[in-house]
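Structure first, commentary second.
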Amino acid sequence: MAPETAQSQTPETPMRDLQNDAPVTDTLEAGNTDERPSKKAKLDDASTPDNNANNIAPQRMRGVAPVKPEFIIPRATGTEPQPNTDDAAEAARHEGAQGQEAGKKKKKKPTGQNTNRTFGSSQDEKGLCPSRIFTPEFSPGACQWGEKCRFEHDLRTYLKEYKRGDLTTFDGVCPVWDAKGKCLSGWKCRLVGSHMTERETADGRKELVLVEDEERKKKAQPLVPFAVEDGTANIAPIEAKIALNRKKVKTPRADAYGSWLDKTSRELEKVIHNREVHEERGAESKTDQAEREKEDNRAQYLEPPFLPSEKRRIYFGPETPVLAPLTTQGNLPFRRLCIELGAQFTYSEMALSMPLIQGQRGEWALMRAHETEMLPPTISPGADVVQGYDHSKDFRFGAQIAANKHWQALKATEVLSAYTPNLRVIDLNCGCPIDLLFREGAGSALLEHPSKLERILRGMNAVSQEIPITAKIRMGTRDNSPNALKLAERLILGGYESSTLGLGAPGVAALTLHGRSRQQRYTRQADWGYISECAALIKRLNEKTDQVTDTVREPDPRTQPNGGKTWFLGNGDCYSHLDYDDHVNNAGVDTVMVGRGALIKPWLFEEIQAGQYLDKSASERLSLVEKFAKYGLETWGSDEHGVGTTRRFLLEWLSFACRYIPIGLLEYLPPRIQDRPPSWRGRNELETLMGSHNYKDWIKITEMFLGPAHKDFRFEPKHKSNAWEAEAEG
């Protein structure tokens, strides 16, 4: 089915044929509930121009999505709910800790965010013993608990009394078995009827057995040699996590570097103090003494096993749009979907360093990637790659971590490089705005401590072996004092302390700038003018044409990544191919990192590749929901628990996907991610349903593929009021 396309418009112009100045006609009537195949929008005949001087097109209202009048539903006065905010996309996994404090406060009316969200549970009434899950009925394995086992051992009793009936979705075929030829949930699968049979034994009894499909198993060969049976990679051994939890894992590189860093900090204070004393006394030998002290410090310096110039080289370009690290929403099924739609690079959800060091399973699970994320990216022939870049050794998936102390970041980086070596990069989150991390000194709090941030990144480079180190920052913490320009220069050249010790550049391979301050959050548009200034600065530094007053700060080539080139990515409000092209061509960034835009319409990556708007029909969008459901069952399992987990994360995505307003319903293009829509109805019932901001409708959509929710399943939306305000400031 060919996607519907729309012509690009200026903000002040209605949707019209720009060549003939004719309005685009609707291909679907507003009240039609029968969905037609999407197609290119018709254009009125240019031979009949409108010469009526009094027919003046209305101007686009600022801050409000320009929905065509025939699709708008009038709202009763005084019923407008509170608007959504988007901070949850960055830190929803950690909102529980914030909720602990919030729970102590005085009760308020139900508005704002649900910080203490609960999701209930999805479990069998009585579980099947693990010794029975994959075995034939009459050949069970030995149960290690014997008579004390609290699980069911009789297979027929379990299937009849304790397990809910099979799902009737997916044509009654288990999507895991259909893709792999074998279901990894065994008898617990909610579609077990599609891969089980009853056979007659030699003594005439009927035995239930699981069925495997050899042809499907042959087709499901791993795409990369280090992927496991379920098609995923980057899975740390359980023994390693146990050893980490028991503090039996040594981190020699991090420990040695941390000791050197502590000693160097004390020596640096002496150097600076002595220099000040000599300047006061007018000593002529202060330069010689400073050089001698510098050499002494360099002699004590621990040479890392891999210098930044020796690490694996990476590439970012106009043809490689990037999916941003998204907490909760950036799960494996969603990343897999975005890769399929054209995203070239992905990141894990933000992982906290301390839980990684402690071997906590939940944090290490964030490093799990699909095998499609382990393939090399698709780059254009003749792309401006750096010298030494080996495309065959590149990956698409990187990890993002957060830390508030250098030793935490270093130890986390060392264990990541040891147990998940197939990471493209390890990215340090220096932009997360949530209060929990900020108060602890992590996330965007590091922006206020540039020297500390430089030490952390330099140390991460020293212990990450061949994995490059990158960073994601914001403009600053406060609106009136952005510091990203100075910070970017420091992270590329090194600061005063580094030049004093002769350490060279910190070796950051790529830098991503979100064009907002922490204080601003999502209240205003991202500042791409500031991002452009930063891009110009980094370009000058990369080309070594910037006039550096202090020549001592010129970095040592050995400490520079990618042959002396630091890649620069822009982030903020990218919602169409026009936004992407404008940022790459005019803002000067190497590529764009897409966050909320991909959550609302993941086919944004397809639009970027095609260079045009894609007006996905409701059925096409629903097919993406079905894919997510299938990928979720492959990731979390097709048993009761896996179905519940898939439903929960599908609902999380639908809380963003419902914000999409189809292109065919808009009077003006381009669409803007910050615009708030009035209440609207779609071109058919399904389109209206998918645009609903009522979470009960989201649950209804999940039931199309995952069946009725478990009686104990609960879902609380992030916001107690989960619809847009009808009016926005002009």
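Glycine is treated like the rest: Cβ placed from N, Cα and C.
Here Swiss-Prot has P325, L326, T327, K472, H514, N571, G572, D573, G595, R596 binding FMN, and the candidate from Q144, Q221, Q400, Q408 in that same listed site is Q400. Annotated range for zinc finger in Swiss-Prot, selecting from 123-156, 361-394, 667-700: 123-156. When Swiss-Prot is compared with the stretches 174-195, 416-437, the one noted as zinc finger is 174-195. Distance noted between the C-alpha atoms of C432 (active site, proton donor) and D573 (FMN binding site) is 16 Å. Cβ atoms under 8 Å from those of the zinc finger (123-156) belong to residues 162-164, 185-188, 201, 205, 207-210, 639-641, 710, 712 of the same chain, restricted to positions at least 6 beyond its ends. Secondary structure of the zinc finger (123-156), assigned with DSSP and counted as helix (H, G, I), strand (E, B) and coil, comes to 8 helix, 2 strand, 24 coil.
Secondary structure of the zinc finger (174-195) per DSSP, as helix, strand and coil residue counts: 13 helix, 0 strand, 9 coil. Cβ neighbour count within 10 Å across all protein chains ranks P325 highest among the binding-site residues P325, T327. Within the same chain, residues at least six positions away from D573 (FMN binding site) with a Cβ under 8 Å of its Cβ are G515, Q525, A526, W528, D579, R596, G597, R672, I673, Q674. In sequence order, P325, Q400, D427, L428, N429, C430, G431, L511, T512, L513, H514, N571, M593 make up the list of same-chain residues 6 or more apart from K472 (FMN binding site) whose Cβ falls under 8 Å from its Cβ. With a 10 A radius on its CB, R596 (FMN binding site) counts 22 other CB atoms from all the protein chains.
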